[in-house]
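Structure first, commentary second.
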């Protein structure tokens with residue numbers, strides 16, 4: 001019987017140890033796990049028993065001084081990724097700017113996004129590895145290669161921030177607009193994230209509390225008086241406050257955030273404005289080559305309210321449709337006349353311009369003009385490959401036939417052009433001779449506006465962004481403005497003055513949803529085929545639903561966080577009972593026994 005009992009006791013202890021072992025250790029070998037994180041962080045791949053660091057000595061002074069650099073690099077890289085992701089509406093424009101400088105069309109915006117994502121992922125990985133090492137109680141030592149790369153990340157991010165602040169300040173307005181749309185969802189997601197973070201936080205804070213109680217229990221009265229000002233207990237309490245207080249302050253702010261939160265997409269359904277109209281930006285450039293008849297016909301097929309284009313004047317006085325200041329990107333000028341590929345379009349005769357192919361760059365090039373663009377059908381591919389540069393009169397003929405409005409940017413000819421001083425007069429005459437209804441013309445060019453009003457009184461005058469007083473004085477009731485101006489109070493003062501607003505360039509559904517919820521009448525877009533299919537704004541919710549989700553998430557998260565802290569508190573209390581039982585067994589425990597007890601409640605970082 002004694003032998004049988006002794007055999008059963010180890011088996012029960014083994015089963016108990018397996019039960020108490022964390023589930024992750026049943027799947028992964030702990031030594032391999034520790035060796036992997038040490039190897040990735042410190043580049044030390046030898047499997048050995050690492051010494052636990054002593055209280056307050058998680059790493060050397062040099063490592064402590066460098067660790068803020070890692071945190072800074074992480075914050076900068078993540079912020080850059082966020083800014084660039086939210087600027088997706090500008091990717092095509094960014095690629096075009098790079099093309100002007102390099103002459104090579106490529107998805108530079110996606111390359112930059114991938115590069116910034118790699119930087120953010122790298123710094124995030126190092127932070128996680130450092131946290132895991134601290135969790136295991138292993139001293140931190142970041143390899144010098146990682147240190148050089150971290151400093152390089154800071155330099156690269158600083159360079160990009162300098163570019164943003166110096167040459168591209170309006171990107172921050174795009175981020176602000178995105179927050180107006182996504183604020184309710186970010187708010188609810190942040191509360192969920194705080195619940196997840198409360199798990200390791202509760203574990204750490206409760207263990208700190210247990211450590212403090214054990215230290216206090218072991219101290220004599222004289223020791224407490226001697227170490228009243230600066231002792232381990234004070235450090236433990238300070239650490240608890242330093243870690244726990246920011247967490248609960250952030251949580252409180254999240255609970256109260258909706259009181260000061262504003263999102264245009266949170267409103268009653270009966271107050272939602274009609275869906276904005278569409279102006280096809282150079283037609284439908286994701287369905288056909290921009291500024292070609294095919295592109296404009298595709299825009300009409302997808303419900304365009306108006307057609308937007310760009311007008312140049314040839315050397316022999318023919319207005320034609322072209323955006324760039326040279327012919328490289330959208331024609332085959334390099335094949336036909338490579339030495340003149342950088343020449344201004346207004347210096348060519350129409351007889352030559354009409355022979356150029358304006359569609360193969362779109363249909364047969366391996367790199368499409370828009371990232372993620374759907375492939376063309378065989379019929380559209382063949383049709384696009386045969387497109388030519390159209391005259392302005394061809395666009396006016398299509399608009400007159402389909403009863404569509406026309407708006408365009410008018411570019412002045414080269415300095416030595418014979419119509420340099422009279423090109424506005426010539427374009428107005430061309431429009432009037434086309435017999436199109438004057439009301440279908442939205443006249444956007446700001447120069448010689450008085451002449452245009454007198455010569456063509458039926459044109460609808462459209463201005464850029466000027467003050468309400470100036471627009472009222474000039475009797476202009478329509479403006480065409482960059483979408484980023486929506487950041488300033490949703491342009492309420494213009495809507496209050498009954499000034500109709502057209503936003504350009506709106507491609508992303510979230511941005512179109514914001515314009516819709518902000519009661520904007522029309523937008524200019526490249527993405528008409530997608531936006532036209534939207535039946536209601538994306539990310540739209542009613543105030544009652546948001547209120548319900550706010551209160552529900554607050555209550556649910558509070559219950560979970562209290563439950564997590566209660567769970568760890570009960571576990572720590574049970575450990576304290578065991579400790580008190582051990583210390584009551586002997587009045588003066590030996591040093592070895594005391595060390596064993598303290599090892600049970602050892603806290604990484606102290």
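Glycine is treated like the rest: Cβ placed from N, Cα and C.
Bear in mind that TrEMBL entries carry predicted annotations, made automatically and left uncurated.
Here TrEMBL flags 276-535 as domain 'GP-PDE'. The transmembrane segment annotation in TrEMBL covers 23-44, 65-85, 105-135, 147-165, 185-206, 236-257, 545-569.
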Between the transmembrane segment (185-206) and the transmembrane segment (147-165), are there at least three Cβ pairs closer than 8 Å, leaving out pairs fewer than 6 positions apart?
no
Over the domain 'GP-PDE' (276-535) the mean pLDDT stands at 95
Among the ranges 65-85, 105-135, 147-165, 545-569, the one whose Cβ pairs under 8 Å to the transmembrane segment (236-257) are most numerous:
545-569
Feature contact check the transmembrane segment (147-165) with the transmembrane segment (65-85), CB under 8 Å, 3 or more pairs:
yes
